[in-house]
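The structure under discussion appears below in the form of structure tokens.
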Amino acid sequence: MYPPLPPPAPHRDFISVTLSLGQSYDGSKSWRRRSCWRKWKQLSRLQRNVILFSLTFLMLCGFLSYISVADQWTAVDGRSAEEQKTRPADPPVLPAPQKADAHPENMQGALPQKPQRHFRRGPPNLHLRAPGKDSEDPRQGDTKRRDEARTVVSWRGAVIEPQPGTELPSRKAEAPARPSSQAPRIQNPAASPNERQRAVIDAFRHAWAGYRKFAWGHDELKPVSRSFSEWFGLGLTLIDALDTMWILGLKKEFEEARKWVSKKLRFQKDVDVNLFESTIRILGGLLSAYHLSGDELFLRKAEDFGNRLMPAFQTPSKIPYSDVNIGTGAAHPPRWTSDSTVAEVTSIQLEFRELSRLTGSKKFQEAAEEVTRHVHSLSGKKDGLVPMFINTHSGLFTHMGVFTLGARADSYYEYLLKQWIQGGKQETQLLEDYLEAIEGIRRHLLRRSEPRKLTFVGELAHGRFSAKMDHLVCFLPGTLALGAHHGLPADHMELARALMDTCYQMNRQMETGLSPEIVHFNLYPQNDHKDVQVKPADRHNLLRPETVESLFYLYRLTGDRKYQDWGWEILQSFNTYTRVPSGGYSSISNVQDPLNPQPRDKMESFFLGETLKYLYLLFSDDPDLLSLDTYVFNTEAHPLPIWAPPREV
């Protein structure tokens, strides 16, 4: 037996209490921080690194965004203040555009103008006293304030800093400015727009309505699809048409476009532009708008843009690259070659020279004129005719032995004469090169067709003649006539008349009355052949201005009204075969098919900038409306003043 167990001890409950000296859990932040730190330490090293990298990246992005936004607002505020400070008290203003018709809405939104002593109705009498240091210029008393108000055009945010020689705009005169020109004031009032001019105004308004509705602020209208296309993204059509609107007296449209330039046109953007095309259209358009309106906004924009084009000249040979990025300053040749075309590098001088004259910064003129001098000194020409290409590294002509007055060479010859005229007929080298080239054309490129004996300009390739003529060559009659007007041999005018007849026939012999892009002339007597023949790939029409450009010069300088009648026929053809009902005009693919001309759905900016402008001037009987003794037109039809000859001491 086992002894009995002792009675169980009484059950006791215990409570365990943990004492915390000086601290307790009360939801405090210090406790949460220790908890977060414990969780952080529990993460792997990789996880911690990823989190740290993400936070750093977000902070950096936020910081950069803040700087960018601050810069933009500072720039906007600065420009607003600048426009108020730099608006001249009495700018060199031409008479404001007069109303194009009797509608009251056309008088709204007009730029404020000083009342003119001689009020003119109808088309403006566009004469100016161009700003210059040697004349009594209303801008002179305002120059110092403008220097102080306009610090610089900001290049902040650009990928690279400006290179030496591409300094920011400055109003300090680096060299004496060219003497300014002063157009005489015309006392007789001008007549109101005539019937044909009103038809041009109607065509412009129709084209502008399509652009405004479907492509506002973009480069070009696509009228058929009611959309737009971009080339540079700089409102190309709008800038190209500024001076046309002023000349046509379209106040409301001009003021609306001016507001877009003021508020929306910004050149600080990462985009490549073609040096030649952007110079003649944008720089030329802004300079012309400044001269006609007297509005300093356009000159400031022109100077900003001119500075951004300057890196294109930084090549081993000083022959500029074809393309330049206006945001980064990086310039380069086309992707497929290191060559530039001769026409492009020699057809920017009018604009760059005028920009230097207005700003007092000689770098623009020096860069452009160095190209002219270099081309003058090159071998490889044929009696003044130049090849089509030039290498930017060696500075030498390439693709030797091919000579044309069409694409890639045309405006070289035009700018020889026009620079000589612009400079007051002082630069004899330009005149000599031009005269030699005209003789080279006569000797090597001029032929007559069969059966109508039309005089035309062909092409020469390694000694072999081609009866091919671009529509672009139809600039030549007007250029020859302009030279004859300024004292060159009278036989230049005779050749101008003969070539004008040919260019008219290039339009007349097509079923639509519109010229194709390229024609070939028949050289052999055959009864069943026309003088003008067209290949299927060449029968498109791009709304080009060259024929009506030369018609303007021929009528202005001869007074022969047949040239007005020919221009009227062409305008009617444009209205019949290229006008799009919803707004705008479209280039067409087949000028030989009036039933189906095949719209290409594109309205080039030069239709408003050149074609309609020249038609309006052609139909004017006022020789003082942009007098050819006062203005010279750039190759995009933007009028720039002729410089007065230097004063004799």
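Using the three backbone atoms N, Cα and C, a Cβ is placed for every residue, glycine included.
Pulled from TrEMBL:
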ACT_SITE  GLU277  active site, proton donor
ACT_SITE  ASP410  active site
ACT_SITE  GLU517  active site, proton donor
ACT_SITE  GLU546  active site
BINDING   THR635  Ca(2+) binding site
COMPBIAS  131-150  compositional bias 'Basic and acidic residues'
COMPBIAS  179-191  compositional bias 'Polar residues'
DISULFID  CYS474-CYS503  disulfide bond
REGION    80-196  region 'Disordered'
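Annotated features, which come from TrEMBL, shown on the structure.
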residue: GLU277; record: active site, proton donor; contacts (Cβ under 8 Å, 6+ apart): TRP231
residue: ASP410; record: active site; contacts (Cβ under 8 Å, 6+ apart): ALA343, THR404, ASP470, LEU472, VAL473, PHE475
residue: CYS474; record: disulfide bond; contacts (Cβ under 8 Å, 6+ apart): LEU499, CYS503, MET506, SER515, GLU546, THR547, GLU549, SER550
residue: GLU517; record: active site, proton donor; contacts (Cβ under 8 Å, 6+ apart): ASP470, HIS471, ASP538, ARG539, HIS540, ASN541, LEU542, ARG544
residue: THR635; record: Ca(2+) binding site; contacts (Cβ under 8 Å, 6+ apart): ILE280, SER347, SER411, GLU414, TYR415, PHE475
| said: Within a 10 Å radius of its Cβ, which of these recorded positions (CYS503, GLU546) has the fewest neighbouring Cβ atoms? | reply: GLU546
